Amino acid sequence: MAGEASQEAPEWYKEPCVLGIDEAGRGPVLGPMVYATAFAPISRLKELKAMGFADSKTLSEEKRDRLYEALLKEPGLLGHEADVLSAAVISGKMLSRDRVSLNALAFDSTCKLIDGVLARGVNLAEAYIDALGDTTKHKDRLSQRFPGVMFTVEAKADATYPIVSAASIVAKVTRDRAVKHFVLEEGVESISTHFGSGYPADPDTKKWLEASIDPVFGFPSLVRFSWSTCNPLLDQHGVPVKFECDADDDAVPYGQRTLAFGGSGGGGVQPAGSAPASSGAGRHSYFRARKLHRAQLAF
């Protein structure tokens with residue numbers, strides 16, 4: 001978006017404009033989640049509706065692709081942008097020390113898209129957001145963040161507002177193409193690309209997950225390993241990992257511990273032998289070379 005913002009803005013950016021935002025790929029265990037926006041002059045919404053935009057889930061892949069290509073050919077009618085959150089980013093955020101929920105990721109992505117549109121110099125008057133959960137809370141937060149914009153936040157907004165339908169198509173086509181042309185970063189050619197729909201309940205997806213897991217490195221980067229679908233497979237097929245760490249409390253002694261690969265089920269963190277606090281046994285060479293020992297409170 002930054003590159004386009006630096007170009008000379010079209011004249012229609014000065015007109016009162018409307019923006020729509022929708023996502024694709026919130027539920028699958030495979031591939032990215034894509035948030036997309038479409039924006040256009042309010043005065044030309046009838047033209048947008050006449051083009052046949054509808055909820056992307058109700059359209060065939062061929063119809064979605066055709067409408068998406070039409071958007072590319074009509075820069076004078078409508079602008080669009082997508083924010084692609086990879087499976088690795090989603091998993092990393094959700095499993096970080098400061099866990100980030102999927103709803104929080106969605107809000108951040110929504111704000112990022114709106115900021116990008118405003119940075120282009122678009123005279124944004126209205127915004128329609130397709131959202132799940134507490135839509136009133138979502139609307140209030142967006143209104144506080146962007147006080148000059150009138151927000152409408154609804155579930156299934158993509159079936160009601162053509163501008164959201166356009167965003168829905170951008171999101172769906174972007175995600176479908178990303179998954180279709182995904183190249184495994186791991187470079188493992190033996191892994192099949194026939195993974196079904198990517199949804200956790202799909203038997204083909206389940207079979208693919210089980211067949212593609214590595215006992216040491218886990219899943220390929222296409223997989224959202226933060227999904228609960230993955231934990232039983234990691235626990236079943238992954239090797240236990242022993243590591244050194246300081247105790248969080250007195251319940252587990254210092255020294256070496258064993259962590260089940262998935263970190264779930266009955267495995268958890270267990271002591272695998274212990275060492276005196278001042279012995280330095282098994283500690284990193286950095287600490288041993290400097291004769292650094294764990295400090296213990298005397299009270």
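Every residue number used here counts from 1 along the chain in the order it is shown.
Placement of Cβ uses the backbone N, Cα and C atoms for every residue, glycine included.
Here the structure is a predicted model, which means the values were calculated and not measured.
Per-residue pLDDT, averaged along the domain 'RNase H type-2' (16-239), amounts to 89 for this model. The domain 'RNase H type-2' annotation in TrEMBL covers 16-239.
Around the Cβ of Asp22 (divalent metal cation binding site), a 10 Å sphere holds 30 further Cβ atoms from the protein chains shown. Annotation comment: TrEMBL describes Asp22, Glu23, Asp130 as divalent metal cation binding site.
The region 'Disordered' annotation in TrEMBL covers 263-282.
Among the features that TrEMBL reports, compositional bias 'Low complexity' is placed at 271-282.
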Open item on the list: Around the divalent metal cation site formed by Asp22, Glu23, Asp130, which additional residues qualify by having Cβ within 8 Å of the site's Cβ center?
Closed with: Ile21, Ala24, Tyr35, Ala36, Ile129, Ala131, Ala157, Asp158, Val164, Ala167, Ser168, Ala171
